[in-house]
Amino acid sequence: MNIWYTKSKEEVLNQLQTSSKGLPDAEVDKRLEQYGPNRLAEKRRKSPWKLLFQQFTETMVLILIVAALLSLFLGKTTEAVAILAIVVLFGVLGFFQEYRAERAMAALNRMVVPIVRVSRNGIIKEVSAQDLVPGDVVHLEAGNIVPADLRLLEGFNLKIQEAALTGESEPVEKNIAPLEKAEVGIGDRKNMAYMGTMVTYGRGIGITVATGMETELGKIANLIGAVETTKTPLQEKLDKLGKMLAVVGVAAAALIFGIGLLMGEAASSMFLTAVSIAVAVVPEGLPAVVTITLALGGQRMLQRNALIRKLPAVETLGSVTVICSDKTGTLTQNKMTLTVVELPGLQVQLKPEQTPDLPEQAAAQLNMALSVAVLCNDGTLDRAADNDDEQVLGDPTETALLVAGARQGIYKEDLYAVLPRINELPFDSERKRMSTVHQVNNGADFLNALPDRPYLMCTKGAPDLLLAACDSVWVNGAPVPLDAEWVRNIQEANTNLAQNGIRVLGLAFKQLDNAQVDGNLESELTFMGLVGLIDPPREEVKAAVENCKLAGIKPIMITGDHPLTAAAIGRQLQFGSQADTISGELLHRATDEELLDLAHKTTVYARVSPEDKLRIVSALQQIGHVVAMTGDGVNDSPALRKADIGVAMGITGTDVAKEAADMVLLDDNFTTIVAAVEEGRVIFDNLLRFIKFSLAGNIGKVLVMMVAPFFGLVIALQPLQLLWLNLLTDGLLGLGLGTEPAEEDIMRRPPRNPEKGALDKDDIIRLSLLGIAIAAISLGLALYYYNPANPADHTWQTMLFATIGFAQVFQALALRSSAHSAFNLTTNPLMTGVVISAILLQLAVIYLPFMKSFFNLVPLAATDLLISIAAGSIIFFVIKLIKRFVKK
Ligand code: ATP
């Protein structure tokens, strides 16, 4: 085995037959063939057997098994076999649903495979982490999840959190020196970066030494699962409901059994009645339909660019009451353009494709400012490329500066040739600035005005914070002390720009005698000036914000940008007025108590750091909100986890943020969050629709079974007939109801209160009334047909069976989404399909010779059939009446 951490850089490169420029493409293909894709073999959490077994231990299924055994005991073999067949059918169906749901989630999660920056053939490219091969040169930066095992070749303040491997949550500082000893634990191999660990700070370059299952993570991958499929809150409630129904069913069965015996009925027929009641109570199709509805919902969200990472999110989304959104990229286009440079005594408006015509002194001043902006920059610009979009790589704020530099003939690689970058203090959203340290070689003419010193530090960042680190200002080619008046002037210029929604960066520099970097380095800087970038709001967001408000959802902007910039964008997008904006400073001063108060009224939080985000989420939750919160950076993950729905950016988000999120926006767009909320509401509506439908129907069937004996019909419906009805209604019709389109007012009503149970008192009253109506109509008709003088004539039973079936078809139609007429054939083709199938199947069991004898039914005369349908249709009107009179 190779021990990479004891080897020198050259040895590592040699042995892997590569160079710091990276591999040529042909070699990559060859190695990919040889080593396979860089991914971990997926390990299923539950074995299929276990999943299958679980299906059979659900309470409802246990009841059915007992019912089957009882039937067997009573000599009713057909019943016993049929019940067991149903048990197996639903067991297998449930198993496949869960299996598929798990696989679908795994597939979705694979869609968030990290994109990695690698050098290949001397060019930096972005490739999928799966395509990495040993020998690839990988660039790491804060927010990356390390994509493979790497031996580090370069590191700038690189810190990596290795909890995934070592359990240690404190990030480890990395360096590149070879280790002396081979026997050191993973946590001490300072020059290695391991797959699955997280870069929390700094930057680095490493050479891939192991991929896929060969990595340290791969070796322990047996221990990690694929995807956790947690049950949604509603599913958990349903499990409880299932248990409750089971208890009720058993109790009802026992009761009727006892009463029957007392009334002198034969024990064997009472046993059969008891079995039937138990069968009637169990909503066999419920779990499967719920899983299918959730899974289909997740797919619909994906079509609208929201990728669900955790299934419960599908449901929670429906009850979101605030959406906290980043500004840059989510509300704005993240297409930054440098439009203005404001230097002491000089303001230059930059227009695309136009070089400003400036006097020599001013031109030199502009040249120097842009040079600092280009030096202190992590973006890249490909000079050779001519397509505007493809020529830059990196953070749009930075690349905008590179593009502006290039317009003036200032290129990073030219500058780096004479001023190589040898150290840096990376950007973080706490300091809101970054600095780079350059070795001064001969030839950088913009430095002519400065004394000779060996190193130059360039800094750029938020002006308000940067000014505090400066003690002089560069005016007319020389530094002057930064006095109160200068501070005032600069702040005024900053304010003027920010007020117009412009993102402002300050530029500064400092000359150094050595290149050591420490925390105090960013002080006594010379301030150079401001640059203003515009980032237009996304067109479509305004409408989405409007929709949010109509839907009772409060949109909130949380940004690291200047309060005035934030407020200006907030105004344009109608988040709120200036008065609703607060800045990070105020936030820091506020106690937790005061924050609760602020959280009520604030709609724009500016100059916020990631820690503040966590406080904001907590405060909002404390005042009763269900919070969706976006984030993209490493430090955002605690807030993403804390939020009810953590939302990560698919394009600009870091791997770490995506890992922490419940949902990923594939297009980074605020509008997509609103769309997902809408889908969430539709899904929840449909689940409830279906559950109510199913419960009311089952109440009806149980009532029939319980009441009929008092009228002399000891076994009103046989177990087989009940099973059939339940499959037809709970299963087939339920599936149709689960896919209904949105109600018209879906985004015009307030969010659902998640504290409230799924069903309230009114709901229970309504569905009980409905159950009673179904029972009354069908049993009434059956009694009318029942002829005690001729007990062998079972027409009454077929009438009962048929009427319940038709009643539930009409029930399903009446419960369809209010936006569309109950009889519309096109709004939900699946619904149309299941209704037609249900009717045909119902006719088939009554009329097809083979089926009718199996189910012990008699063919109905045409008039009887029509009477049955007409009686069933009464339910349609009953529902409309109940809707009217039992008010929400
Ligand atoms: P959000 O995405 O949360 O709306 P943001 O992207 O504006 O906010 P940050 O990226 O944290 O938030 O930026 C905060 C501030 O830091 C910016 O207003 C800007 O002044 C400064 N800043 C941003 N990017 C850079 C950078 N690359 N170099 C130096 N300073 C930067």
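Placement of Cβ uses the backbone N, Cα and C atoms for every residue, glycine included.
The domain 'Cation-transporting P-type ATPase N-terminal' annotation in TrEMBL covers 3-76.
Residues annotated as transmembrane segment in TrEMBL: 51-74 (among others).
What TrEMBL lists as transmembrane segment is 80-96 (among others).
Taken from TrEMBL, the feature transmembrane segment covers 244-264 (among others).
Under the heading transmembrane segment, TrEMBL lists 270-296 (among others).
Residues 249, 252, 255-256, 259-260, 263, 265, 269-270, 272-273, 276-277, 280-281, 725-726, 767-768, 770-775, 778-779, 782-783, 786, 788, 796-797, 800-801, 804, 807 of the same chain lie 6 or more positions beyond the ends of the transmembrane segment (699-717) yet place their CB under 8 Å from a CB of it. Among the features that TrEMBL reports, transmembrane segment is placed at 699-717 (among others).
Counting residues 6+ beyond its ends, the transmembrane segment (723-743) has Cβ neighbours under 8 Å at 82-83, 86, 279-280, 282-286, 288-290, 292-293, 296, 678, 681-682, 685-687, 689-690, 693-694, 697-698, 701, 717, 801, 804-805, 808-809, 812, 815-820, 827-828, 830-831, 833-835, 837-838, 841-842, 845, 855 in the same chain. Annotation source TrEMBL lists transmembrane segment at 723-743 (among others).
Look at TrEMBL and you will find 764-786 (among others) tagged as transmembrane segment.
Among residues of the same chain six or more beyond the transmembrane segment (798-815), those with a C-beta under 8 A of the stretch's C-beta atoms are 689, 692-693, 696-697, 700-701, 704, 716-717, 721, 725, 728-729, 733, 736-737, 770, 774, 777-779, 781-782, 785, 822-823, 831, 835, 838-839, 842, 846, 855, 857-860, 864-865, 867-869, 871-876, 879-880. TrEMBL lists 798-815 (among others) with the feature transmembrane segment.
Listed by sequence, the residues of this chain that lie at least six past the ends of the transmembrane segment (827-848) yet keep a Cβ under 8 A from its Cβ atoms are 724, 728-729, 732-733, 735-737, 739-741, 798, 801-802, 805-806, 809, 812-813, 816-817, 819-820, 855, 857-860, 865. For 827-848 (among others), the entry in TrEMBL reads transmembrane segment.
For the transmembrane segment (854-879), the residues of the chain that approach it from at least six positions outside its boundaries are 78, 718, 720-721, 724, 769-770, 773-774, 777-778, 781, 785, 793-795, 797-799, 801-811, 813-815, 822, 845-847, judged by C-beta separation under 8 angstroms. Look at TrEMBL and you will find 854-879 (among others) tagged as transmembrane segment.
Summed and averaged per residue, pLDDT over the domain 'Cation-transporting P-type ATPase N-terminal' (3-76) gives 81. Tertiary proximity for the transmembrane segment (764-786) is limited to same-chain residues at least six positions away from its ends with a CB under 8 Å from its CB atoms, namely 692, 695-704, 707-708, 711-713, 716, 795-797, 799-800, 803-804, 807-808, 811, 864, 867-868, 871-872, 874-875, 878-879, 882-883, 886.
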